[in-house]
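Here Swiss-Prot flags 272-334 as domain 'SAM'. Summarising the annotation, Swiss-Prot assigns phosphoserine to 17, 18, 20 and lists similarity to another entry as the type of evidence. Per Swiss-Prot, the feature region 'Disordered' maps to 1-24. According to Swiss-Prot, the feature repeat 'ANK 1' maps to 45-74. Per Swiss-Prot, the feature repeat 'ANK 2' maps to 78-107. Residues or ranges marked as repeat 'ANK 3' by Swiss-Prot: 110-144. According to Swiss-Prot, the repeat 'ANK 4' annotation covers 148-177. The feature repeat 'ANK 5' is assigned by Swiss-Prot to 181-210.
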């Protein structure tokens, strides 16, 4: 145990409180001065001395008590063992001594394992990592869950320990296991806002589409808890880091994740994501990441790419297959355009009422789509600039385009008002015109009445002639 003055509470891992506040341990200040047994002790005295030695982190006294015949798996009040206590305070040396003396690394108390206790301990990640590594080396099972079905990797993810997560996966931990609420390790990391853990889990093959019991994905959980960086990243169509370490062997994974401890490597864990701009993310989403260097060499931005014509694709060395993927994506993004050119010219007065009404309805629908699109963008944009995760060009470019949009909307509003006034004027003039021709509905109604009367009259005459002819034949 690291030198210090005060130790933390020894509580059950994962937030599951024990039946007593101290679980039978004396919580207080550490006295690091080594103690020795003054003489033979009674069994009750041995247990009490053992607890004090564990509490103070007195390794030599612990060893002396074990040498005197005290069991390394002694059960203290409420069922805790010495190893469980040592793991709960991340005392690496004490954990090592107890394991070397034969302590059971697979012990559990009411499904609370020592490995879970170590993963949820209150200590530095370095100390927790060493304790977890010792327990795993003694065959502690990383997939045994507590009463809430939470596994060690979920506790490590919840508490923000990416290296512990990686170590557990390297020893066979199931990265996509779900607890009683459907939470995975990724969901817990997203909920708590641990972006480094999120990225590490995605590298290790975590499934970001798994839902909780109430139907929420990790990205939605992140958004609900206001972790917008994580929400934006998890919302991408394809994550370039996904499954990056999944195919490595256990030894390769441990070597890669635990031996690179430099500051540069630690900084890289998130910069590998933030370095991606909008162009890179668009290409990765389509599986066209191989085009990134080509487009960057030619200084082609995403905006330029999305407005390219067929000949420009070919000229810039983009193959037909890649062209088809880009064009298909553009087709999905496009709002259905109104083909104004196909409508008859209003100026020639050849447009029918139905065609004109259809034109207005399409125009109104298009405006509705545009309003919804802008509202969605507003709701998704982060409030603070430091939460923007994509590389943006100068905000001045966006502002100038927005100003043009506002101007165009004002012009559109003015023209629509003119159109409305013109239609109202035509309607008023027609109603006051004495030469106004009745609508087809009115004419057809009058004609139908005449036709009905004529038909009845003809039928009547026909029936009368038939009776007369029949009477004449009988005579």
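Using N, Cα and C of the backbone, Cβ positions are placed for all residues, glycine too.
The helix, strand and coil residue counts that DSSP assigns across the repeat 'ANK 5' (181-210) are 17 helix, 0 strand, 13 coil. Here the repeat 'ANK 3' (110-144) is broken down by DSSP into helix, strand and coil counts: 19 helix, 2 strand, 14 coil. A mean pLDDT of 74 is what the model gives for the domain 'SAM' (272-334).
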